[in-house]
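Participant: Structure in structure tokens, see below.
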Amino acid sequence: MKYILVTGGVISGIGKGIIASSIGTILKSCGLRVTAIKIDPYINIDAGTFSPYEHGEVFVLNDGGEVDLDLGNYERFLDINLYKDNNITTGKIYQHVINKERRGDYLGKTVQVVPHITDAVQEWVMNQAKVPVDGNKEEPQICVIELGGTIGDIEGMPFVEAFRQFQFKAKRENFCNIHVSLVPQLSATGEQKTKPTQNSVRALRGLGLSPDLIVCRSSTPIEMAVKEKISMFCHVNPEQVICIHDVSSTYRVPVLLEEQSIVKYFKERLHLPIGDSASNLLFKWRNMADRYERLQKICSIALVGKYTKLRDCYASVFKALEHSALAINHKLNLMYIDSIDLEKITETEDPVKFHEAWQKLCKADGILVPGGFGIRGTLGKLQAISWARTKKIPFLGVCLGMQLAVIEFARNCLNLKDADSTEFRPNAPVPLVIDMPEHNPGNLGGTMRLGIRRTVFKTENSILRKLYGDVPFIEERHRHRFEVNPNLIKQFEQNDLSFVGQDVDGDRMEIIELANHPYFVGVQFHPEFSSRPMKPSPPYLGLLLAATGNLNAYLQQGCKLSSSDRYSDASDDSFSEPRIAELEIS
């Protein structure tokens, strides 16, 4: 097993996750089996109870793990399925050690950070690195580990010490440290400054880790003189200084790394049985990055949500839309609309914001209402859903978005004016959306219906069924505590709103579709968590196809989005023969 530790310096949020994912992608393109681990040095057990404004979206794994959004990057880049134990937190480690102490496993010893916490970290990493993640039963060969935060943070000290010890346990030829640092550029002079990187590397060395590669993040390409200066003062060869500047798309990052001979370096440094360059997989990434930059036609989608001030709150939704837009050769223009801005109260308090929000909604080719919690902003979401339904605008509702679509239809089409969710009105006269009793204990953490679940199609005449490849059932990831009341669905199906997908027992409503509408679909699950750059999510793909006027032609062509499909490379903008560009990982 080979271990690649990715650390960061100067500031957080400079792209360690993307760089770690890109490194894994390059090594996978060389024919190696790759897994990934993210370490978050916070005391929370997992990310399940975080506000989206704290760390961005909560990403959900197949096994129901609620984890950091970086694991979503790993899954998308590497096309793998990780587990909740691939996300290590300080809380998990301390809980694990304290439980062992309570059982008496330490035989009365004084339990300390060193060696007990550090040993637990090393043991966890070694055990989890062996777990297959690509659908095969073969053990991974490479484990990419990202240490969250920045070097010098007090929260991360036990983990840094753990890896200081681990580098000797694993042996030099099996352990490599990549340090990601910021090279700021002064706006007044345009000069790129190396001092922050020098200090960061010095701090890392002072803690016992020496970087094998220094990845320099900058707004513009780094000059050779700057690269040589970093090489000299940080005591590494020039080829060990990798420069990653801001690019138009993250698809370009693996290509930038590969162009700087990173494969050759890993081959020599870790004694890998590979060639000096990446294979056909990376060629597809290069082609995808090139195509992304050549796109001309634009598709505008309005995302109506309550967490729009921080884009990371909807990271997977954005990626799923981007994957689908790229697949049909369109550039995505995603317009974030705070749902409160669509409400009447905003018209009174801030008319300018109200009219700007409605102008965005009216200009959109398609409307998306994603998942969320709480009553704030729900009236605005209902307004957006009503607009999409009545004006025949393609619409996709996810989780809460689907529940609100059902409520909107009940109020405006079935005259059930008191229809509501018990999440918002516990004593609603018409409880259209109800809580699931088995998922309603006292604690909030990990108490929802989580992880991958099977959804069975009730009818063959379903748009989503066709988009999924005309299969009888699908498996997607869930994260919800409320569901549509199954006792009230008959009225809907008599009025063109069909519940075309249900769980295996037929008790839970999973998919809705509205007849006589270009695309009005709601799903209880979160398909964005399963979307991949080369295998876009069918519900999101359907939204983009409908928004560009190509859905009917695509369905008539009989295209299927199964793992065995081979799609032709369509770099032009024509869609005369509906098809998906060649995006699939082989």
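Using the three backbone atoms N, Cα and C, a Cβ is placed for every residue, glycine included.
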Participant: Here are some residues: SER200, SER568. Which is flagged as phosphoserine in Swiss-Prot?
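Facilitator: Going through SER200, SER568 one by one, Swiss-Prot flags SER568 as phosphoserine.
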Participant: Have a look around HIS526 (active site, for GATase activity) and count the other CB atoms within 10 A of its CB, chains all included.
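Facilitator: I get 25 for this one.
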Participant: What's the CA-CA gap between CYS399 (active site, for GATase activity) and HIS526 (active site, for GATase activity) in angstrom, rounded?
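Facilitator: Just about 7 Å between their Cα atoms.
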